[in-house]
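Annotation source TrEMBL lists transmembrane segment at 16-37, 57-82, 94-115, 121-145, 305-331, 337-360, 372-391, 454-473, 494-517, 523-543.
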Amino acid sequence: MARAAEPEGRRRGGSVIAYFTSAKFLLYLGHALSTWGDRMWHFAVSVFLVELYGNSLLLTAVYGLVVAGSVLLLGALIGDWVDKNARLKVAQTSLIVQNSSVILCGVILMIIFLFKTQLLTLYHGWLLTLCYILVITIANIANLASTATAITIQRDWIVVVAGEDRSKLADMNATIRRIDQLTNILAPMAVGQIMTFGSPMIGCGFISGWNLMSMCVEYLLLWKVYQKTPTLAHKSAKVEASELKQLNAKKESDMKPAEGVQLIIEKDVSGFEPQQEKEVGCAARIAEPFITFRDGWVAYYNQPVFLAGMGLAFLYMTVLGFDCITTGYAYTQGLSGSVLSLLMGASAVTGIMGTVAFTWLRRKCGLIRTGLISGVAQLACLILCAISVFMPGSPMDLTVSPFADISARLFENEPLPTIASPEPEMIFATGIPNLLNGSIAPVNSDPEMSPEPVPLISVSLLFAGVIAARVGLWSFDLTVTQLLQENVIESERGIINGVQNSMNYLLDLLHFIMVILAPNPEAFGLLVLISVSFVAMGHIMYFRFAQKSLGKQLFVCHTPDPKTAPDSSPPGNTSTV
């Protein structure tokens, strides 16, 4: 018996070792290190900018605007660069640029923290302003490099590593999202503790050191994954007819490419004529980025999965998430920081549940139907948010001008409120800071004169809907991600996903503009209703895509082949439904 058990134990040990040395696990490990560094930096840089500019949100707002605008304008160009270069070169270059930029930013911030007083006196403060511009510029370069890394690893490498197994691709996508969910919570907590018990300068040094170490390890992991997956070395530089087939789909001899693919073929084939390369002049080189930008958006529009991608982008036009806007509103409704941290943890748990639901639904109903079910689940949960607007405790009052508080202060010649952080004693003595309009809700020490507590029914329903909707949200996000992976031809994955990122940032930017136009808590209910409407429009677009793809079989749920999964084939592609 012992002899029989020994080979079995060896086999199990060998399988465990094989898994931890596989390309899939090494890809997970590299993504975890990269995401951890990204989340720490994105959390810390906003805090650093607020700290540097006298507890004002001005630099943070400028940084957010620059980042969103850069990805919006350069997303297609970044994706085109990913497509036109070798995979290993793209991954290593973006990795080095991203981490080096963060390290350099950290060093500059440490210098500013150390010598801020001296910098203020030099050249009437212009040197300090130049340092601020330099920090925002370099941080923006780091974000653009991070976008390139995400496109090449999460949209291209993962497809090649998964091979022609769609179930493996779905599992890998879900695991990547789980890593994202965990690092979204844990990384800011870790760096926040360092900055709280240390100082901002120590936080800068820690992040710079982490990125230096992480860059070396990630570089090695990328090389190992590249060695273990020989197919990564082969990248299509020219669109071939065979590329029009989906992952693991059978090729048909009489197939016709989609309209959008025909456009790409014409452009790529003409680009390989040596005579045209010789005739390219200075004006053509200057116009090339603009042509690439135009062609990228045209190609995105002509993709068979265009409506699915637009549906995902519309989900970014919402205040129903755990960002600074929703957090600020929660503070105005009396929720404490500890309660909010628990709610954020609950949202992470439901997000992970969404990744599990995605893999299960895809096996049972296929990829496209998974998106439909996820959309219905998300909308059903967001109905709670819409109901919360009309429940007791909701501050919605559309008769109140969004800028009434600012106008009153201007006419009374009073200084505008700042967001300077009061001492802890002041917080408990004066009330809860209103993060949306800068005011503070007073709390009277006399129990007879204290105002009645705000009912929590409205805010409870709001966050119940937001947290529950994360299951459908992340399942839907994974569905559209895999549709793009499977149905965009290999040589155009970069530029199409770059445009998709631009669309996401565009709608995200619009939601911030919407908040700027209605910043007071009384208008937040209207923002909630607008957000639910945009989410509904996004899912209507996806429904239209699914209707075109599946036709009469739209509501026929069956268990597809886990590898072929023919019902994920959109119209205009080569697979049959």
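Just so you know, glycine gets a Cβ as well, placed from its N, Cα and C.
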Does the transmembrane segment (57-82) reach the transmembrane segment (337-360), going by 3 or more CB pairs under 8 Å (6 or more apart in sequence)? no
Under a criterion of three or more Cβ pairs within a distance under 8 Å and sequence separation of at least 6, are the transmembrane segment (121-145) and the transmembrane segment (94-115) in contact? yes
Which residues of the same chain, at least 6 past either end of the transmembrane segment (94-115), have a Cβ under 8 Å from a Cβ in it? 34, 37, 41, 45, 48, 52, 128, 131, 134-135, 138-139, 141-142, 145-146, 148-149, 152, 199-201, 204-205, 207-208, 211-212, 214-215, 218-219, 222
So what's near the transmembrane segment (523-543) in sequence-distant terms, Cβ-Cβ under 8 Å and 6+ beyond its ends? 307-308, 310-315, 317-320, 329, 371-372, 375-376, 378-379, 382-383, 385-386, 388-390, 394-396, 398, 400, 402, 436, 462, 476, 480, 507, 511, 514-515
Sequence-remote contacts (6 or more beyond its ends) of the transmembrane segment (305-331), Cβ cut-off under 8 Å? 260, 340, 343-344, 347, 371, 375, 382, 385, 432-436, 459, 463, 465-466, 469, 473, 476-477, 479-480, 483-484, 487-488, 500, 503-508, 510-512, 514-515, 521, 524, 527-528, 531-532, 534-535, 537-542, 544-545, 548, 570
What parts of the chain pack near the transmembrane segment (494-517), using Cβ distances under 8 Å and only residues at least 6 beyond its ends? 64-65, 68-69, 71-73, 75-83, 147, 150-152, 155-156, 292, 295-297, 299-300, 303, 309-310, 312-319, 325, 402, 484, 488, 527, 530-531, 534
